[in-house]
Amino acid sequence: MFKATIFVTLKDSVLDPQGVAVKGSLHSLGFVQVQDVRIGKRLEVLLDSESREQAEEQVQAMCEKLLANPVIENFAYEVEEVA
Amino acid sequence: MRFAVTVFPGSNCDIDAIHAIKDVLGESVTAVWHKESDLSKYDAIILPGGFSYGDYLRTGALAAHSPVMEGVREAAEKGKLVIGICNGFQILLETGLLPGAMRKNDHLQFRCSIPTLRVENNETPFTLQYREGELIQIPIAHMEGNYYCDEVTLAELKRNKQIIFRYAGENPNGSIDDIAGICNRNRNVLGMMPHPERAVCDWMGSSDGMKLFTSMLQYWKENYGAA
Amino acid sequence: MQLKQLVKSLPHEPTPEKIRDQALYKELGLREEEYGHIVRHLGRLPNWTEVGIYSVMWSEHCSYKHSKALLRKFPTQGPRVLQGPGEGAGVIDIGDHLAVVFKIESHNHPSAIEPFQGAATGVGGIIRDVFSMGARPVALLNSLRFGELTSPRVRYLFEHVVAGIAHYGNCIGIPTVGGEVVFDPAYDGNPLVNAMCVGILEHDKLQKGIAKGVGNPVIYVGASTGRDGIHGATFASEELNEASEEKRPAVQVGDPFMEKLLLEACMEMVDQGLLLGIQDMGAAGLTCSSAEMAAKGEHGMELNLDLVPQREKGMTPYEIMLSESQERMLLVVEKGMEEKVKAICDKWGLQSAVIGHVTGDQRYRLYFQGELVADIPVKTLVDDAPCYAPEQKVPDYYRENETICPVEQVKDVDPQEALLQVVSSVNMASKRWVYQQYDHMIRTSTAVRPGSDAAVIVIRGTDKALAMSTDGNGRYVYLDPEQGGRIAVAEAARNVVCAGAEPLGLTDCLNFGNPEKPEVYWQFAQAIEGMSAACRELETPVVGGNVSLYNETKGQAIYPTPIVGMVGLIEKREHITTQAFKAPGDVILLLGETDAELGGSELQYLVTGKISGRPPRLDLEKERNVQQTVLRAIRSGWVRSAHDLAEGGLALALAESCIDGKLGAHVSLETDLAPVVHLFSESQSRILLTVSKENVDHVRTLAEENGVACTVLGEVTDHPELTIQVNGQVVIHQPIAKLTQRWEEAIPCAMSPSSI
């Protein structure tokens with residue numbers, strides 16, 4: 001069994017209105033050091049793949065096909081073997 | 001003219017679209033469940049508003065992979081008319097039938113109101129009964145209508161006159177270049193955040209949406225003879 | 001004779017003896033004498049599961065033990081009532097084989113803790129109550145109370161409650177068309193979130209929450225059961241305090257997408273006539289729905305808890321039975337129909353499971369891992385809940401208020417200054433900030449959108465429409481619960497009359513403090529007295545509702561706040577009327593009389609920072625006459641606009657009608673009262689009309705016949721100004737643009753204090 005942890009984030013060029021709002025709130029709470037906030041998603045996917053290579057291939061495909069929208073989002077992932 | 005309205009789990013403006021076509025426009029309309037992929041019987045397809053699949057993952061992302069979208073893609077390729085309204089627009093973006101992507105409104109709130117739109121291009125099957133530059137009032141109701149595309153795409157949209165509607169007053173969602181609706185290069189696929197089916201009788205607050213449907217009908221009659 | 005099976009206790013749970021000896025039932029909110037009743041009903045000591053079941057069934061929320069006796073005072077019957085209180089929602093005939101189904105319910109406690117999900121699940125619950133009657137939900141309303149927006153915590157609660165309501169209603173696709181929001185320090189620690197749903201039903205589709213027919217299957221449909229919301233009903237029946245944070249049940253998360261699927265699946269089952277009984281698993285979850293269905297059907301029920309779809313591992317019977325996971329429905333169908341139900345659920349991607357069957361012996365039996373874990377005479381859960389009539393005491397404040405004269409407090413205020421203050425008070429100002437977050441146009445049947453006295457929904461396939469409104473002024477009720485109760489009903493009725501509708505009936509949500517306090521119980525009893533009197537006089541039966549007690553924080557009760565949700569029928573769409581002025585030259589008429597009544601008024605609050613004295617008095621006969629006059633005038637086609645005079649009095653009503661109609665008005669009146677008193681008095685039974693010149697005499701004659709005072713105030717103008725002359729002197733002269741700006745910006749400004 002493999003566990004893929006997938007991170008989907010907005011591309012740097014795309015404004016993140018939620019991030020802007022959170023930054024504002026952090027500033028008003030006194031965290032004035034905060035320069036930027038970007039909000040993304042973390043997905044955990046459990047796969048019954050034959051090998052790590054196969055699992056990575058599948059995760060790459062599912063990110064491209066569904067989990068991230070290439071127009072506005074980037075993705076990255078880690079795959080680890082679990083019991 | 002035979003209309004189809006696609007129904008996904010979570011669609012909720014399907015009945016409004018059906019009402020507008022059947023009771024107000026007086027044309028035939030069929031609700032098509034998302035598991036059907038053959039849409040060859042229909043001349044026009046409406047992807048209605050709502051929260052298909054709960055808007056989970058990203059708005060429109062899960063619906064974009066359902067069987068009925070194969071039928072929609074085929075219909076678009078054959079030159080039939082396809083209109084995506086609100087969530088339907090989001091689905092068209094996710095399938096790639098229209099360029100760009102949708103983000104949350106810049107104020108982070110859902111917004112329901114009746115904004116003024118400007119008809120930017122009346123040389124499409126959807127807008128031929130409007131005047132160019134005509135100001136019309138069509139309701140909106142969405143959380144994610146903040147249209148985005150990169151500079152290159154935007155330049156292309158402008159060059160090809162694919163921007164069909166812009167918000168004429170306050171931009172209610174922060175969309176790039178005040179875009180409210182765009183079409184594909186062939187002019188037969190339209191995506192728009194405002195809901196024309198909610199503006200078909202005066203008592204609804206506006207009847208300006210009616211001309212969109214009568215334009216489609218006129219186009220079809222002129223090009224394909226029969227109604 | 002069947003061998004009596006032994007009811008098991010699970011190894012890790014307290015034994016029946018320990019529950020008794022250590023009085024563990026008290027932790028579940030049961031009193032010692034109540035525990036005694038349970039032992040007598042069972043003829044033995046209850047195990048942990050059984051104590052849990054009794055504790056939720058006998059909680060205030062499910063059993064109305066402190067309110068049952070008083071609620072009997074409400075008139076609940078009428079020639080059009082098809083279903084009164086006791087089912088998911090009330091049902092009233094509207095002709096054409098159609099009926100309107102509606103109910104209001106509170107979600108105050110959950111919203112105080114987690115405002116977004118608390119409000120969202122409140123909306124989800126009330127929608128299920130309506131569609132479990134077989135009706136298609138067509139509209140939502142909500143009535144909200146918060147502390148003052150100067151507090152960051154209140155702004156947080158307000159913002160997230162509104163977002164939660166919007167999230168659920170918008171996603172499921174039912175328009176939120178109306179409601180009200182009031183801010184007052186009385187609700188600082190204890191906001192009120194009351195949600196109302198209205199549905200339309202074809203007569204022959206009416207469903208009931210009932211279990212009948214021995215051997216018929218009991219089917220569970222919808223979301224899986226988790227550990228969320230366990231003891232929500234009990235939690236809602238206690239005061240909030242510092243310990244509430246720890247005691248609170250896991251927050252329930254609403255899934256409007258799931259509910260949309262559940263709604264459509266249930267509608268298909270209703271259309272196919274598959275259901276014998278259906279009930280929402282709402283408060284007290286599976287326990288309440290199954291026990292009530294069995295008791296109402298005079299049957300028993302056996303459930304196998306291993307078959308209940310579960311989201312978490314290792315759940316005990318206690319947890320399964322008391323979970324308040326959302327978006328679940330319990331069905332009873334004729335044996336043999338299981339497959340048809342399953343096919344519909346499969347189509348909508350919903351899970352369903354047969355979890356038990358109906359029995360004939362009126363016992364409520366639960367099995368878990370092959371063992372009997374509860375065996376209860378089912379009627380004792382539902383019909384034998386204790387009933388209390390606590391002591392009542394007239395509060396000191398009520399006596400003290402008798403000598404206070406509110407008029408003296410405000411009579412020197414400049415009327416113009418008063419108007420500017422009132423229009424920019426967050427209570428009186430535009431609620432656009434709220435309702436633009438609600439999809440109020442979906443289903444394309446909304447003929448009057450939020451912002452007028454009542455919202456109007458057209459009924460497709462007929463020329464009819466429904467008008468609906470929620471109302472309840474806690475300040476008045478606090479100052480005089482009996483008068484305040486009358487006003488709550490009368491004003492809600494007046495609102496729908498102003499839309500052109502005949503009031504049909506109402507649902508109420510009674511939000512009060514701790515009933516075990518004699519002063520609170522007095523308020524409660526008096527308010528019900530006043531509401532009942534108004535219901536009888538106006539012939540608007542109470543067909544359903546909800547009681548929310550224990551609305552207190554740190555021992556401080558909210559204002560007693562009964563909320564009335566009124567529904568009225570508009571016979572013809574051409575009768576639909578709004579408050580906006582329509583055309584220059586129209587004559588402005590005032591029906592009703594103005595007295596010096598400023599106790600509990602918005603002006604008093606703005607000037608003195610508190611409320612005191614006696615509230616306005618309501619003469620029920622006058623109220624009835626004024627409503628009938630207006631309705632007849634509207635039906636005769638004479639009325640261009642109609643607006644109820646409420647908080648803020650005549651001056652605010654004129655301003656609102658100008659703002660809405662984007663027109664001006666010139667008004668001139670004679671009075672013995674000080675101008676500011678006349679203009680801001682909140683005397684009841686008054687309605688502002690505009691009519692075209694040729695119809696003025698018609699309306700005056702009609703009013704005279706009905707014994708209603710009718711005064712010509714002035715006319716609508718196309719000068720964008722509001723000018724009010726009193727006894728020949730101009731006391732208010734303001735551009736509409738300025739009033740509009742103050743009125744529109746009050747809430748947005750209050751919500752972003754840093755931007756001022």
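Cβ atoms here come from the backbone N, Cα and C positions, even for glycine.
Note that TrEMBL annotation is computational and uncurated.
As recorded in TrEMBL, the features of this protein are as follows:
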ACT_SITE  B:C86  active site, nucleophile
ACT_SITE  B:H195  active site
ACT_SITE  B:E197  active site
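Annotated features taken from TrEMBL, shown on the structure.
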residue	record	CB count, 10 Å
B:C86	active site, nucleophile	29
B:H195	active site	29
B:E197	active site	32
Structural state of B:E197 (active site), classified by DSSP into three states
helix
Alpha-carbon distance [B:E197 (active site); the residue listed as 'active site, nucleophile'] in Å
11
